[in-house]
Structures are given as C-alpha cells and as structure tokens.
Amino acid sequence: MENVFVFDHPLIQHKISLLRDKNTNTKEFRELVSEIAMLMGYEVTRNMPLKEVEIETPIGMAKTKVISGKKLGIVPILRAGLGMVDGMLRLIPMAKVGHIGLYRDPESLQPVEYYCKLPVDVEEREIVVLDPMLATGGSASAAIQFIKNRGVKNIKLMCLIAAKAGIERMQKDHPDVGIYCASVDEILNDHAYIVPGLGDAGDRLFGTK
C-alpha cells in the first residue's frame, strides 16, 4: 500500500492491544490514546527539516540544530480526534491546533460538517490530521479536502486503526496524503464499524453511549 505507514514498535502494538480490550475503562482508554499518539507523533515528524544554529551553553558556545521551515499544525476531527491532541502537544507544544467537526449521517453514512476553526496561517503550515479510526474514509477525506481548500499543500493523516476500505478511499481521493497508523483491520460491518477494531472511539474516550 503506497504512502501508508504502519508502526510496528512493540510499545505501540502493546498499547493498541489494551485499547482493543472491551474491559479497558474510560480513564485507561484516554491515557492509552494519548500515549500512542505521542509515540506515533515521534515517527510522523521524523522528516521535519532542521537548521544549524549557535547557542551559548553554561560552558561555552555550541553549534546545534533546531526545527526549521514550515511550522506544524494539528487538526483533530471532532470528537474522537481530541483524544490524540495532548500526546502530540507533549512533543510539539508550540504547534497550533485547529478543529474540524464532522459526524457520520446514520442513514447515508456520509460525513456532515458542523464546525471548523483553523489557524489563520494554516496555508503556511504542515498539517497533521488526527482521527483515531479510519473506517470508510469519508470523514477524513472530507476534512482533508476542506483543509486543502484553505491552501494547505502538505498534509498527513494519523490514525490508530485503519480499515482497508478507508485506506482505499483515501488513496483514491488524496493520493498525496500520507497515512500513518498503528494497525490495519480487514473489514467493516453493516454499520461501518471497523472489525475487530476497538468499538466507538469517541464513546470510549468520553464515557458516552
């Protein structure tokens, strides 16, 4: 699968297994989502450009490197994407955070937008879209198209679990967008939930039904 990156790090795989467990409670689920997002964020940001600078240490002068080039923006898809934000901000505390609110119509299964707030300089940033579950790919594709319409050229999608159908939809609609995930599951059920998946990520994050 081109432009799809599946992380097989032992810590990520262990924590994904705990996420899948139906007996994992809400507090533990939230913590795991945040931890996995931080671990994945380390890899997602691997290719950020660096520049050399000179700084003064307590002992003397040193040539070292800092991140340069485009600034990073994080855009969670509401509501489940919110669970991944803190983990990313632990790595990149200066990143700007936008929000896109989408829900899936229960009849048509198509995404419906109800909220959008992006950084004013979003077109100057590299954007990482956060969505724990890539199921049909409809919501992620719609969110990414909206971001592209704002002039953004460099976009990545970070999710915890992806279904093959969602990956195929993304590759059809946005072949230029890299997909970063911890696991790929084979199928969707009749309600467009990933199988075996982990259930409804939003409900498990926020203790709702």
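Glycine is no exception: its Cβ is also placed from the backbone N, Cα and C atoms.
Look at Swiss-Prot and you will find Arg79, Arg104, Asp131, Pro132, Met133, Leu134, Ala135, Thr136, Gly137, Gly138, Ser139, Asp200 tagged as 5-phospho-alpha-D-ribose 1-diphosphate binding site. Same-chain residues at least 6 positions away in sequence with a Cβ under 8 Å from that of Arg79 (5-phospho-alpha-D-ribose 1-diphosphate binding site) are, in sequence order, Gly101, Gly202, Leu205, Phe206.
According to its DSSP assignment, Ala201 (uracil binding site) is helical. Long-range Cβ proximity for Ala201 (uracil binding site), meaning a same-chain Cβ under 8 A and a gap of 6 or more residues, is found for Val33, Ala80, Gly83, Pro132, Met133, Leu160. The annotation uracil binding site is assigned in Swiss-Prot to Ile194, Gly199, Asp200, Ala201 on the grounds of sequence analysis.
Close to the recorded uracil site, the chain also has Pro132, Met133, Tyr193, Gly197, Leu198, Gly202, Asp203, Arg204: residues not among Ile194, Gly199, Asp200, Ala201 whose Cβ is within 8 Å of the site's Cβ mean position. Cβ environment of Gly137 (5-phospho-alpha-D-ribose 1-diphosphate binding site): Ala165, Gly166, Ile167, Glu168, Arg169, Met170, Asp173 lie under 8 Å away, each six or more residues apart in the same chain. Proximity of Ala135 (5-phospho-alpha-D-ribose 1-diphosphate binding site) to non-local residues of its own chain (separation of 6 or more, Cβ distance below 8 Å) is seen for Ala163, Ala165, Gly166, Leu188, Ala192, Tyr193, Ile194, given in sequence order.
Of all the binding-site residues listed (Asp131, Asp200), Asp200 has the fewest other CB atoms within 10 A of its CB. Across the structure, Asp200 (uracil binding site) and Ser139 (5-phospho-alpha-D-ribose 1-diphosphate binding site) place their CA atoms 15 angstrom apart.
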